[in-house]
Amino acid sequence: VVNISPEEAPFEENNEGSSLYNFLYPDKDLLPDDKEMTIFDHLEELRQRIFVSVLAVGAAILGCFAFSKELIVFLEAPVKAQGVRFLQLAPGEFFFTTLKVSGYCGLLLGSPVILYEIIAFVLPGLTRAERRFLGPIVLGSSVLFYAGIAFSYLVLTPAALNFFVTYAEGVVESLWSIDQYFEFVLVLMFSTGLSFQVPVIQFLLGQLGLVSGDQMLSIWRYVVVGAVIAAAVLTPSTDPLTQMLLAAPLLGLYLGGAWVVKLTGR
């Protein structure tokens with residue numbers, strides 16, 4: 001591991017005792033007895049880990065493409081029972097839609113490998129204390145991401161699509177472009193999964209000593225407004241129902257993360 005001494009670090013002396021400074025520039029005595037590597041060794045390791053990640057995601061995409069029609073039927077389920085029919089409005093639109101669905105699903109299936117390679121790359125540079133909370137962060141981040149995707153598929157997507165179908169009922173027939181439908185569904189699912197990472201970010205900030213749990217709880221009024229704005233930005237639809245359905249769990253996740261930080265003594 002390449003360490004930068006305090007004399008070489010681009011920080012002022014009065015910052016050397018801060019939590020952020022200690023995180024970026026840990027003392028050599030705090031680091032485990034791992035093998036030291038040159039900058040070229042780090043670059044070679046990074047190249048290998050990127051190659052493994054790309055290979056894993058590529059294999060997952062190919063596997064998903066082999067079952068792309070089954071995946072499309074599964075993703076059409078939230079609105080299929082409401083009588084919506086899908087159209088191919090241009091030659092090859094369905095083919096490119098299957099490529100898009102395979103790409104998203106392959107990235108989702110390959111994300112554990114990417115996460116593992118990232119952890120394996122940064123792990124030698126972490127102190128013993130930092131390694132202790134790495135496991136809960138990784139586990140919590142993975143669970144929250146997949147929980148966000150499940151919440152989007154089971155709650156957000158049916159609610160949003162039901163709103164659009166009901167609003168147009170009796171006026172126009174619901175014939176939707178297959179490409180635009182999956183653009184809507186996939187963006188909504190992944191943006192929801194990413195937005196569920198709020199407690200992980202809070203925990204990291206708390207461990208670094210940048211923000212305390214009491215400080216997070218004291219600004220709850222601003223968080224309510226921020227959750228509504230974030231939901232409006234993250235949801236591809238413009239209906240208020242979907243935005244409120246996303247804003248509510250975001251607010252709950254933030255408050256839960258603030259209490260976790262407070263209970264851990266930060």
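One is the number of the first residue shown, and numbering goes on along the chain from there.
Placement of Cβ uses the backbone N, Cα and C atoms for every residue, glycine included.
Quantities reported herein were computed from a predicted structural model and do not represent experimental measurements.
Record features, source TrEMBL:
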TRANSMEM  50-68  transmembrane segment
TRANSMEM  101-123  transmembrane segment
TRANSMEM  143-164  transmembrane segment
TRANSMEM  184-205  transmembrane segment
TRANSMEM  217-235  transmembrane segment
TRANSMEM  241-261  transmembrane segment
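Counting residues 6+ beyond its ends, the transmembrane segment (241-261) has Cβ neighbours under 8 Å at 144, 151, 155-156, 159-160, 163, 188, 192, 195-196, 198-203, 205-206, 211-213, 216-217, 220, 223-224, 227-228, 230-232, 234-235 in the same chain. Below 8 angstroms of C-beta separation, residues 98-99, 101-103, 105-107, 109-110, 113-114, 117 of the same chain, each at least six residues beyond the ends of the transmembrane segment (50-68), sit close to that stretch.
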